[in-house]
Structures are given as C-alpha cells and as structure tokens.
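Chemist: Sending over a structure as structure tokens; questions will come in a sec.
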Amino acid sequence: MEGDRVAGRPVLSSLPVLLLLPLLMLRAAALHPDELFPHGESWGDQLLQEGDDESSAVVKLANPLHFYEARFSNLYVGTNGIISTQDFPRETQYVDYDFPTDFPAIAPFLADIDTSHGRGRVLYREDTSPAVLGLAARYVRAGFPRSARFTPTHAFLATWEQVGAYEEVKRGALPSGELNTFQAVLASDGSDSYALFLYPANGLQFLGTRPKESYNVQLQLPARVGFCRGEADDLKSEGPYFSLTSTEQSVKNLYQLSNLGIPGVWAFHIGSTSPLDNVRPAAVGDLSAAHSSVPLGRSFSHATALESDYNEDNLDYYDVNEEEAEYLPGEPEEALNGHSSIDVSFQSKVDTKPLEESSTLDPHTKEGTSLGEVGGPDLKGQVEPWDERETRSPAPPEVDRDSLAPSWETPPPYPENGSIQPYPDGGPVPSEMDVPPAHPEEEIVLRSYPASGHTTPLSRGTYEVGLEDNIGSNTEVFTYNAANKETCEHNHRQCSRHAFCTDYATGFCCHCQSKFYGNGKHCLPEGAPHRVNGKVSGHLHVGHTPVHFTDVDLHAYIVGNDGRAYTAISHIPQPAAQALLPLTPIGGLFGWLFALEKPGSENGFSLAGAAFTHDMEVTFYPGEETVRITQTAEGLDPENYLSIKTNIQGQVPYVSANFTAHISPYKELYHYSDSTVTSTSSRDYSLTFGAINQTWSYRIHQNITYQVCRHAPRHPSFPTTQQLNVDRVFALYNDEERVLRFAVTNQIGPVKEDSDPTPGNPCYDGSHMCDTTARCHPGTGVDYTCECASGYQGDGRNCVDENECATGFHRCGPNSVCINLPGSYRCECRSGYEFADDRHTCILITPPANPCEDGSHTCAPAGQARCVHHGGSTFSCACLPGYAGDGHQCTDVDECSENRCHPAATCYNTPGSFSCRCQPGYYGDGFQCIPDSTSSLTPCEQQQRHAQAQYAYPGARFHIPQCDEQGNFLPLQCHGSTGFCWCVDPDGHEVPGTQTPPGSTPPHCGPSPEPTQRPPTICERWRENLLEHYGGTPRDDQYVPQCDDLGHFIPLQCHGKSDFCWCVDKDGREVQGTRSQPGTTPACIPTVAPPMVRPTPRPDVTPPSVGTFLLYTQGQQIGYLPLNGTRLQKDAAKTLLSLHGSIIVGIDYDCRERMVYWTDVAGRTISRAGLELGAEPETIVNSGLISPEGLAIDHIRRTMYWTDSVLDKIESALLDGSERKVLFYTDLVNPRAIAVDPIRGNLYWTDWNREAPKIETSSLDGENRRILINTDIGLPNGLTFDPFSKLLCWADAGTKKLECTLPDGTGRRVIQNNLKYPFSIVSYADHFYHTDWRRDGVVSVNKHSGQFTDEYLPEQRSHLYGITAVYPYCPTGRK
C-alpha cells in the first residue's frame, strides 16, 4: 500500500473503500482524557475560585471573537459549566431553567456544579500557541469542509476538571463520587468563530443535577448544552439559540457520539462577519466527495441523537430541485478523494511551521484541492449534478489510525491484491454504518436473518465475522473479543409485542412478525387503518400580524391499504388556518409514513416506526416568507395510535378569507442515507375566489431523522431514492367548526418517468375493492385477492373486528383483564399486580423491603433506639430519650448523676429512665419532698398523699385528688394527665354524667343554681333521656352527651370513659373524619363563643414594643408575648386585642405593612388590624366561610391563604379580601394548618383526617399539588416554614412529635417526641414556640437539642390556638 508520509507517519490518500471502513471503526473509541487540549497552570491557565456559584473576573481578550452577529472582547467563565460575554446573574435565575437564558451563553455543560472543598477545578486562558491553534484548525476543517482554509489566530480554552454536582449537606452522608471532566475551546481567525466541546471517555459521570428548590427529590434536570444569544434589545423577545440536549439520553450521547466523526468531540460555527442566523453544527456525515461542488442538503449525522431543539440543515446550500436533477454515473472510488486525517495528539516538540505548510493540517484531496472546492473555489454560484447513489451512503472521512492515537495498536495489514471489488452493478458505496462497527469489547453472535444468506461457524470466547457476500470475494475476517453486549435475552421487551428479537454480531435487533410492518420496536398490522393524535403549537407572522396558538388538537386517519391520509387540526386562529391551507406537507407526512408500497419499496413507518423527527423549511415566492415546521413522533399509545407533536414557527403569506387552495398531484423524491431521509422540491398552488385565480409557489426542504438498528446487515437491494406519488390533494378550512383539513392519497415506489406505460396492479395503485381493514395481495397482471388484516375476520371485501377477549383468542394470563381494541386487544393487570417479562402474565407486586420492619437494619435494640425508614432500603437510627449515641450504639444516660431529684429523695437509675422517691419522713413525688406531719389527715388528704407517693413511679398516671383548705374534696376534680374533669360528692365519689373530656368547659359542681326560666337545650334533654334509660348510672362503655353550663354541646364528645372520641358541631352532629382511636384525642374547636361575664374592653390595639415578639390567639383575644433573644419575657406579656363574641383561631402577620390578620370561627370572618396605637379591626372576608382555621400571609405577592375545615376548602385572596379564589375543594377532610414559602413560591397545609392524615404541598397558584408526608403522622395540628433554614416543621398531637423535613419531603427528622397536646407552632431563630392544650400555654423548644426551654401560662386558663412571630423586618431568601 502506497502512501505519503508526514512526520514519520503514513497519510492515506486513496484507498479502496472497504479498506477505509476498518480504520473508521477503530476510531469509534471515545476521546481519551489525554486527547483534550493541554491545560493546567503550566500552560498558563488561571484557576477559578472554589465554590457553588463563582464567576471569573472579566477576561480581556487580546483579539476579539464573534458570537452570532456581535463582536466582543470580554469573557466570563462560571462554575456551572458556562461561558458568557457578560457577568452572570445569580445562579437561581438560570441554573435550574431550560434554554434559552436571558443573557449570552456558551454552555458545554450547564448544571448546578459545586467545586467547594477541593471537588475539582475550573481553568481558563487565552492561547495563541501553534500546537493549540493547529489542533483547533484540524477539528474545524474536519467538521466544516467548506472552511478548509480556516486558520485561527487565537483561541480561548475553558476546562472543567473532575468537578462535582451540588449536593445538599446531610448528616452522616458522604459526598457522591461522580465527577465530570469536559472542555470548551473557542477559536477565531478574526472573521469566523468556532466552538469545540470535548467530552472524554468516562468524563461525564453525572448527567444532570437536582434543583435546589425541588418539590420532588426524584426530579433531576439534564444538563443544558448549547448556545444562546440572549434577550433582544427590547427585552420582549428571546434571541436565537441552539440547544443540543433535552433528555438524560441526549446528555449521555455527548461522549458516545459526535458531529465530526470522533466520539466526544463536537464542533459549531458560532459567529461570523457574514450573516449567520443561528449556530451551525458540524455535519461530516453529510459530505459527498465526488462532485462536491453540489453538496447534499441537510442530512442529520450523529448529532440528531441528541434531540436538538434547533436543527442545522444547511438549506442555503440547496441550489437545485431534486426533481430536475440529472443523475450521472460515477465510480465508488471517487468518494474517497478529499477526506482528511485529524491528528489529536500533542508531541513533545511542537511543530512550529505555519499552518498552511503542513500537509496534515488541511483536508486536501489527492490532487491537492481542498474538500468542498472541487470544481471551483466558490460553491454558491455553481450547480452541478451528482451521482444519485451517493445520497444513499456518503463516503466517510479518511482517517489515519496513527494520527488519531499514536500510542494505540495499528490495524492489521490488509491484502493489496485488489481482490476487494466495488458493489455489484455499480451500487452505492457502503457507509460506516453498513458493516458492524469494531468494538473490541463486544461479543459477536450471528443468527439467521432473511437478508443474509449465510452464517459463520462460531467458537467459544471469540467469534469470526466475515464481510457480507455482496461485498466481493475478499475473505478477510476480523476477530472480536467476547465481552458484555446487549442481547435479546435481556432486552427483548424493547421489541413490539408483534415482533421477534434476533441477536447479531454486535447486538440485537427487532423485526416485525409476518402480517405486520414497522421497524421492530413499533409494529402495526398490514392493511389495517391507523389513527394519529397530537398537539400543534405555533408562533407565526401571517403577513405582518403575529398569531400564536398552543396545544391545539391534531387527528389523522389513514386507510392503510390504499394510502389515503386524512388530517384535521382544530381551533387554529382563522388568519393562521387560512394561511396554512397551501401547506399540505403538514398532513403529507402521514402520506409518506403510511404510503401504499410498490414492490421493492418501503414506506416511512417500515423504516422509522413511531419515533422520528420531521423537520421542514418552506420558502414562499415571490415574497420569500419562510416557515419552519417540526413534527416529532413520540411512539404508540396503548390503542396503537401514533402520538405526534407539531411546532410551526416563521412567516407565511396572508391568504384572504373565503379563498380556497388547490394543489395539483405531485411527485417527491426521497433520498435515504443511514438514519436520515431528505427531500427537496418546488410546488405551485392556486388560490381562488369566484373569478379570481392566483398562482403562487413555495420551495420545501424536508429532513426526517430516526434511529436505526445498526447491528443487522443492511439489505443490499433497498433503493437509495424512492418516489412518492401524491394524488387527490385536498385542503379546506371550515370557519364555523374552526377545523383545518388536509387529505392526500400516496404511493411510494421507484423513480419512474411519467411516460412509463406499464399498467399497475390494483394493490399498488389503491384501485382494489378490498375492505379498508384488509390486505390486498397482488396476483398476475391486474388480478388480486383480499385478506382481512390481523384482528379482523371476513372474506377480505367485508371485514369486521374480531373480539379476541370474547372468543378467548388472547394471551392475557390470570389476574389480568383483556380489553378489546379495533383489530387488536390489550392486557391490563389487576390492582396489585404487574406484568412479568412476557408482558402477558401478571404477577403480584412485591412491596419494597423495609429494613425497619424485616429486622435487617443495624440500629440498636428497640428499647434503646428507633429505626426510621426513608423509602427503599434506606433508613436512619436515633437513640431513644434516656440513651445517648449514634443510633447504632446507644448507652444509658445516668440521670441520677445530674442531681434531678429533691435532696430529701433517693434517685433510682433504670435503663433509659430514672425515678425519684422521697426518703422516710418525707412525702411528695421525689422532685418535691415535704416533711411528714403527725397531725390527723382527712380522707381527701390521705388519698392525696397516697396518690403523690405512687406518682413518683415511672409511667404512673394516677389521679391526685384536689382538697380545699379544710381538707375536704373540691366539688370539681380534674385529672392532671388526661385533662378529664368531673364532679364528686362530699365523699369524693364521682357524680354520674358529669365527666367532661379535655379541652371542653368543666362541669358546674356544687350546690344547684337557683331555678331559671331557661328551657333545657337539645343536649340537656338528650342527656337526661339517656341517663333515665341507663337507670341513672351509666356503665363505663355507655355514651352520655356532654353539655356545658349553658346547655351547648361540648365540641369534644367521648364514648363513656373510653378514649373513643370525636368532634361535634353546635347541633351535636359528628364532624366527618374526626373519630379517633384509643390514646389520641381529636383537636376540636368550639363554634359558639362563651358569654362575657366581665366588662367588654374596647376592640382596639394596645401597641406592642419594638423588637421581635409572639402573637397568640386565645378565644376572644390576641395575646402579646415579647422575646428577649429567644427567651420568653413573661412579665411583659399582655393582651394586644380583645374581640367580644369571637373565637380567634388562625393568625399571621404582614411584615411589610405591619398588620396582623386572624380568622374567627364564631363570626365566620377573616379580619385584620394595624399594630399602631388605637388601630381598630377591619373585616375583609365575611361570606362563604363556616370554620376558617389556618391562615398564612404571602408578604411578597400580597396574598393570604386559609383553610375551612367544614367546607373542606383551601382558598386565597388579596390582602384586602378581593380576587378571592378556591384553590382546592377535593380530597380534603379536616384541613387545618397552612404555611407559605413566599420566596420559593410553595404552599403547604395539613389535613388531620383521622383515617388518612397527611401534609400536602402545591405552587401558590394551586398547580402541582401532591402529598408530601402521609406516613407516621396522627394529628398534625401545627405547621410552620422557616425561611432561613428552609425547613418545613409540624407539631403532631397524635404522635406527640415535633418533626421537620426539607421542602421536597426528604431529610425528615424528629426534634422532640414528648409533646403534650400541641395546636399551633412557629419557628424563630434556633427555637420553636407552640401552643399546648394540656398546658394551656406557650412552650418553647430548642431546635438543635429538642429540649423544652421555657413555657408561658397566661392568667386566663383556656385553650390557646394560633401563634405567629413578628419580626422587625421581612425575611429574605438570599443564600
């Protein structure tokens, strides 16, 4: 083999095509980290400061660069994988949002990156060294052959080396070991600027980051890669942008694929002194070296796998109508001329020759002509025909193995005897995808496939793979190593259920079964009709008038056996619909997709299946308006309907109302190249209205890209060009229905002249008489037969759906349901079951393992520690009170060493607890001991002394009798632990029917009051009737209504002396969802205000002092409790506001206008008052309320939110009560507490439904509602959000716990687990403050230790409800 030599390495000039393919396959290995551009301090790099959101100082470029149409000299480099021409805003304004940004951006990997604590580094520099400029030039020339003379004069490099993603700090959690390395290079020659993005092998270990303010811990944003010009000058429209990634798979493709032939390397043309509408990616796969003066149109290469939002198509290069092109014969060898080699290595001695002098730097042809200039230096004015065959398989670039990786092995020698022949009959040259790629790690498995005529015997461990028979007589083989590769055994579920899976040398492929067609992953029955559903969005200028529409419906119906396609688009605005009448290609896509196939041809669905992107650009003449239409197919739904999304952007000519469009039958040529189909044509259309007949035209460029299975051999007879014949073209807009309709009839087959007289079989031209659900089988001449499609039955001319579910001809297994569909059926598993691997058998869903339940956790024994399950296999351990340690190892705390008992008592330490007992001669509870008296004691005092002695034992809940000064029983007795009260006679025995539950008004005991004229109430009459029925003395398990002194029903009712309790309204009716289980008392709120027995104070505000203080509600008043730091200033507490006849429950504060807001369940109102002297209350909501309880104020949006536990609603309104809105009215039983995070826009609330308590969240407009917490909670009364720690915390009167979690529900932990009966809670500094119904006061808890630090018990002994903290300033959300 002859070849030129440069720097001691051979440079291939002209090789037979099959010798070139193995070299390309050897280069398929990903970019090695050593092949990045040189970087580090030794190369002059500057180092960006460590941190989460750092930005470099401005970099003043010695030579300006062009970005889009602008020229700039300043650059900034950011931590988060981004470069900009201006300083960055705070990361919260862009890092968690999709492209485009509102500032100029060059983003090789935009994500939330954090280099704190030495987790990687970011380096950057401007460079003019020949080594860097030479490598940049070689990359650019390889990707942009028309820029073969590009010689950069300066470059800018930025490298992110071993950087990590931002992670929330969690106790005991180690940082992730996933680190990324990538590089961006900007190169310019003063006129044009190019960007290179490099991603080495194993360089992207994380593909995205989680938003800091995520609602859901599972949410992860894929990294954004691309370019953005920034907002336009008027700040009302976004500038052009180019996005390369949108999914996790597209990010993964960054290092697996390439747009210039080297996996992990990407090149883009980003700026020029000439007009550049948008960034243009490299597309080396689009090149055709033979007759390269007429480059092919847009042909997506690997870059399409990244799901680009803007697809570069080089439409400017189309200067010829494909329908008029003359196809000349050409030799396959011509395709090899002109491809370059790329040397990506850096030698120890840098070649300092000018770039023009090194023959390895320019991609020249054998004759010395640069690629893209064959036939003349200027392509714009020259149009020459090219070989039709080259549209099928453009020749790959010629690559020298040594120049790619000098340290790797060279390929084995190949015979030079010329035995390798071109394709027979002058067929197309195979591309690099026509033979299996050589991956050294992959295992080769050959199985029969209809397109291949032989198999090769296999040996264990390594397999030999011969070239296909049609390549020629060469018997050269390649040896592969048997290693991991994807096979049917583990991946057959990726195939359609109407397909079979076949293993090949490098992987597996799916193929549709007989009587079905498609690409194997999506298969449809032959001859059956098909349906399409989708959405259409558009941003158009009709003439000069902007028209916008979003997600309007698209429906299409296709008659598969004659190629008819009907499309309807609903509710497009009339000006746009009228202007879109000529654009039949919108519905024409379905014509190509399901066209009637002539022999040897395939329609679009047979190739692309149900996942592809159709991109077309239409230019109207003579006005040259341009519109871009992108249609994305997103698979088949359960009914086998194709789902498609359409986006229309650009300008279209105005079409007057009442004009109709007429388009004659036409033909289109479609060119097939690997995973891309292209077509270019011109089309005339007429607009008529009465006698007016106008003729216009447009030119259309189409690109259809899809994924092919590269493992199966390509069928050699598949045509590279097919002709689509379109007849009966119909377009109509119905103004009354607002529906735009298209109809076309399509046939696809070989390219034929119009004069071809050969008659067609009715099966091929659609003139047969078969049923629309039947397949047409051609016979001899014009004979044919009809056969009903799969899933239908009949004689072929009349077919009806076969109900497989009714006849039993289905494969749905036990525990599944068969659902009949037109021509098919679907299996669905019953609740609690899921599909097995065969997708027919339903198996029982195995619940995920819970280490805390199955005993696989590593926590200390149950009596010492608590295991907390966090989902999946994760858990945490926490020592119980009385023990210390990390939860895995817990040791008993010796409380006796802390001297907690009275000096006259003895301390007894027990595991996890302790007790105190008074010494002989003293009596008391051990914490307080009093010398014993020798005087005689009354029965009450004796029982009291005995109970106090028993109370010293741990866990004791004895009642301690209350005696008066003479030692007699007080008529009213109350249990100090449970809160129950009752009347006793002089001997201390309980008076039947007088017991009242905690939280209610105690009974009136003692002498009967003077007779009054008040008649007995419903409650009193019902109580008397039941007592009479029970014989005057009810048993402990019999219910007796509890009434207060005025005869009203006490809000809390209990069944006898049991703990089965529930809430009632003022009429005694049970409140739904409040019935409790033993051990938990529901938190019932009265709805009738108690009578005022003292003079009523003025309802105005007693102004508080300056500083932070607490406001709490207590029946008819709002109390004021100042803070000294975090300590309660109990001596300065006072009443802020008194409101006779009210029951004030919810309370919150507006820090901007210094106003307090509250809810009143007695008055059924929401009111407010200022905190200045003498301010009077103002009612702002007084209708549509029954029991308004929780209240939250958004001081930023000037909005309030409240809950109503009777109407079961959550509502919002502005702070003046206007613009009232119901956010939620379903799936609520007892909504109570509510909290708002104004800075991040989140709303949280509790629902203490006894059957299913929960904490929920949503956005402030009511969107994205979801359950945050619904396990291990009982009666979540109180809720608070701390804007400083970003923690959501709640107090639970059922579990007796105070707990906190992150806003997304993660990081849940218990602060205190021994609360009494909390109602409301607020967070301030390092403390929580909550109201408690057992203590009837305010209790403070330290956030960090969980210890009770103080309590305040108001003079008035009644329940406290809501509580809030009043700051002297408004909290902010800055980090």
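Even glycines carry a Cβ here, placed using N, Cα and C.
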Chemist: If you look at what Swiss-Prot says, which of Cys805, Cys812, Cys852 makes a disulfide link with Cys827?
Modeler: Cys812
Chemist: According to Swiss-Prot, which candidate among Cys1061, Cys1063 shares a disulfide with Cys1084?
Modeler: Cys1063
Chemist: Could you check Swiss-Prot and say which of Ser370, Ser452, Ser936 is marked as O-linked glycosylation site?
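Modeler: Going through Ser370, Ser452, Ser936 one by one, Swiss-Prot flags Ser452 as O-linked glycosylation site.
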Chemist: Say which of Cys916, Cys918, Cys963 is recorded by Swiss-Prot as the disulfide partner for Cys940.
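Modeler: Going by Swiss-Prot, Cys940 is disulfide-bonded to Cys963.
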Chemist: If you follow Swiss-Prot, the disulfide involving Cys867 connects it to which of the following: Cys852, Cys890?
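Modeler: Looking through Cys852, Cys890, the record in Swiss-Prot gives Cys852 as the partner of Cys867.
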Chemist: Could you tell me which of Cys929, Cys1005, Cys1019 is bonded to Cys983 by a disulfide, according to Swiss-Prot?
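Modeler: In Swiss-Prot, Cys983 forms its disulfide bond with Cys1005.
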Chemist: What does Swiss-Prot give as the disulfide partner of Cys799, choosing from Cys786, Cys788?
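Modeler: Within the candidate set Cys786, Cys788, Swiss-Prot assigns the bond with Cys799 to Cys788.
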Chemist: Hey, how far is Cys818 (disulfide bond) from Asn703 (N-linked glycosylation site), Cα to Cα, in Å?
Modeler: 40
Chemist: Quick one: Cα separation, Cys1084 (disulfide bond) versus Cys918 (disulfide bond), in Å?
Modeler: 39
Chemist: Near Cys983 (disulfide bond), which of the recorded positions Cys827, Cys842, Cys916, Cys974, Cys1063, Asn1124 can be found within 10 Å, Cα to Cα?
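Modeler: Passing the 10 Å Cα cut: Cys974.
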Chemist: Given the disulfide-bonded residues Cys763, Cys786, Cys805, state which is nearest to Cys1005 (disulfide bond) when distance is taken between Cα atoms.
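Modeler: Spatially nearest to Cys1005 (disulfide bond) by Cα position is Cys805.
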Chemist: Tell me which of the disulfide-bonded residues Cys763, Cys829, Cys974 ends up closest to Asn703 (N-linked glycosylation site) in space, Cα to Cα.
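Modeler: Comparing Cα positions, the candidate nearest Asn703 (N-linked glycosylation site) turns out to be Cys763.
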Chemist: Mind checking which residues of the chain, 6+ beyond the ends of the domain 'EGF-like 4' (848-891), have their Cβ under 8 Å from one of its Cβ atoms?
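Modeler: Residues packing against the domain 'EGF-like 4' (848-891) from afar: 172, 911-914, 1306, 1308-1310, 1313-1314.
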Chemist: Quick check: of the recorded positions listed here (Cys786, Cys890, Asn1124), which one has the Cα closest to that of Cys842 (disulfide bond)?
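Modeler: Closest by Cα: Cys786.
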Chemist: Of all the recorded positions given, namely Cys770, Cys786, Cys890, Asn1124, which is spatially nearest to Cys852 (disulfide bond) at the Cα level?
Modeler: Cys890
Chemist: Using only C-alpha positions, which one of Asn693, Cys829, Cys916, Cys974, Cys1063 is spatially nearest Cys770 (disulfide bond)? These are the recorded positions in the record.
Modeler: Cys829
Chemist: Calculate the distance in Å between the alpha carbons (Cα) of Cys879 (disulfide bond) and Cys829 (disulfide bond), and round it to a whole number.
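Modeler: Distance (Cα to Cα, whole Å): 43 Å.
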Chemist: What residues in the same chain, six or more past the boundaries of the domain 'EGF-like 3' (801-843), come closer than 8 Å to it by Cβ-Cβ distance?
Modeler: 493, 497, 525, 528, 638-640, 773, 789-793
Chemist: In whole Å, how far is Asn1124 (N-linked glycosylation site) from Cys776 (disulfide bond) when you measure between their Cα atoms?
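Modeler: That separation, Cα to Cα, works out to 90 Å.
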Chemist: List only the single closest residue to Asn658 (N-linked glycosylation site), chosen from the disulfide-bonded residues Cys763, Cys812, Cys827, Cys929, Cys974 by CA-CA distance.
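Modeler: In terms of Cα distance, Asn658 (N-linked glycosylation site) lies closest to Cys763.
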Chemist: Cys890 (disulfide bond): which of the recorded positions Asn693, Cys805, Cys812, Cys918 is the nearest Cα neighbour?
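Modeler: Closest candidate to Cys890 (disulfide bond), judged by Cα separation, is Cys918.
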